[in-house]
Amino acid sequence: MSQDSLHGKWTVSSSDDDDEVLPPSGTATPKSRRPAESSHISSGSPSPVPEPAPPEVKAEPDSAPVSALTVRSEARQLAARNQRNPVKFQTSPSLSGKRKKEPSDGSGWALSDSDDEDDAEGKRNSRSKLPNRAAPNGEAKKPRKESERPPSPHGRLYYTDEPDDFFEASFPCLNDTYRFYLNKVTGLDRKFNSGALHIRDILSPLFGTLKESVQFNYCFDIPWMVKQFPSEFRRCPVLIVHGDKREAKARLLQQGQPFPHVRFCQAKLDIAFGTHHTKMMLLWYEEGFRVIILTSNLIRADWYQKTQGMWMSPLFPRLPEGSSESSGESPTFFKRDLLEYLASYRAPELDEWIQRIKEHDLSETRVYLVASTPGRYVGADMERWGHLRLRKLLYDYTNPIPDEEQWPVIGQFSSIGSMGMDKTKWLAGEFQRTLTTLGKSSLRSDPPVHLLYPSVEDVRTSLEGYPAGGSLPYSIQTAQKQMWLHSYFNCWKARRTGRTHAMPHIKTYMRVSPDSTQLLWFLVTSANLSKAAWGAMEKNNTQIMVRSYELGVLYVPSAFSMKTFPIDTNPFPASSSSMLGFPVPFDLPPTSYSPTDQPWIWNIPYSQEPDTHGNIWVPS
């Protein structure tokens, strides 16, 4: 079936099945080429440019080289491989689609993160090695050496080392009121990183003397992750909680082989199309315990030039010996809810961490935990997870206000699932009811709903250029089924935080005053706009089905003895005078798409205009 639209002419499946069609290997998937590499890489000849040293991994003798990053799927693997070979913009009309074929080495780069429940199961769970292509002369292809693997999905020379003063040498000035922080972004004016954090800052001795940690995440680069720990903590035990299966799991375990202090725990994913998408650190120190709930994968690209966010807990002290299990609870019941979330994994590897948390005082916590775990829930359990958990919290801990129908709901995310053929199927039905819940009001208001998702122009002019779109995996197969959704979209603009050109991987949801000066609530989470992440009602609304693990924290003013949160319009550089305002990461009010703007769709070509690096984005 062909369809003409503002995106150009699509050729899409005529299937009426709700599951997204996975493009077969070799069909159109996104790629870009850097001008300095397009000839020698695509032809397979050696690079004339000295290459940065690969991660310090001692491979087993005679072992096959393994990519340091795992890849989410065959489709994502194709896209990621092709990102390493940008295509230089030219004025020739015949450029689009023309490229020399590069033999596949089967290695790829993790692109964060699509949680669309419409992805085929193989796309979710299998990161199968791509089929080898015959060499042009018919000879057997020589295996690529590990040292030839580019260190970046953007190309061989993309990443630059940050200067020493990029990282914190003393305890930074941070907003301790809300404990919500953005990640540092390489390439920004220094003031926009004052009060932001890099993973190296988080793991540094400034925040505690680390003894052991757990890393819950979706994508991992184990060698890179290990290097982010300071040398004195680099051999402290680390437990990796992941959702990989089969070949993907084998590759992840092989990444960890050179690091005997790294252990693994596989999250159970019993419902098709679910992912382990939670991003959390549990840090056990000599001085106490800390929780960090964040939006970044454990790969370098996610900590380089993307907008990301996190909640960092206070340092939780150890309870006195003999304290009861109910001791150390917060007014937001954070301790109870965190323990319940960890117990949902049914993983013996987490038992000792559950016990450690019980032994610490979490009473200073002022945020509510909002989690998703895979399953079908009925009765009172329906309000434990997913968007019904958020609805319950908004019902119990927020209050109605006059003219609430004029207070917009804003959702901001980096991936989009299938919403159905019209808005009433999920978005404007059960999900909007959750987002518009405000205390025990019987009023069912219908406020404006604004969704922030980057346009093609946002991606093209970003710090990363078109490769930033590899972390915004909205596919043409999904988009063509829900053109109605695009009328909700707003551009990514973040002048107040200096991050307009740092594409968002953060996910936030909030309720804002008509004049954009106050918040009724704010949520930072791993959950994108999808039914897999938030759950969907079934059986005449008597059951909710959730596919994925997700985790976020909800801020409500009552937990801070406030009626509303004032919005900080100038959060950088961080200072004591800005501590009362909430640092919303993007500009308010949102900027609607212009008549020429289109949402970024990652598996169609963009060859009319070059990006900030002079590259274009073309299908294979």
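Just so it is clear, glycine is given a Cβ too, placed from its N, Cα and C backbone atoms.
Note that the structure is a prediction, hence the values are computed from the model and not measured.
These features come from TrEMBL:
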- HIS277: active site, nucleophile (ACT_SITE)
- HIS505: active site, proton donor/acceptor (ACT_SITE)
- LYS279, LYS507: substrate binding site (BINDING)
- 80-95: compositional bias 'Polar residues' (COMPBIAS)
- 139-151: compositional bias 'Basic and acidic residues' (COMPBIAS)
- 1-159: region 'Disordered' (REGION)
- SER530: site 'Interaction with DNA' (SITE)
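Each residue contributes its Cα atom, and for LYS507 (substrate binding site) and HIS277 (active site, nucleophile) those atoms are 12 Å apart. SER530 (site 'Interaction with DNA') sits 15 Å from the residue listed as 'active site, proton donor/acceptor', counting Cα to Cα. HIS505 (active site, proton donor/acceptor) and HIS277 (active site, nucleophile) are 13 Å apart (CA-CA, integer value).
Taking every protein chain shown into account, HIS277, LYS279, HIS505, LYS507 are the recorded positions, and of these the Cβ with the most other Cβ atoms within 10 Å belongs to HIS277. Within 10 Å of the Cβ of SER530 (site 'Interaction with DNA') there are 28 other Cβ atoms, across all protein chains. Taking CA atoms as the reference points, HIS505 (active site, proton donor/acceptor) and LYS279 (substrate binding site) are 12 Å apart.
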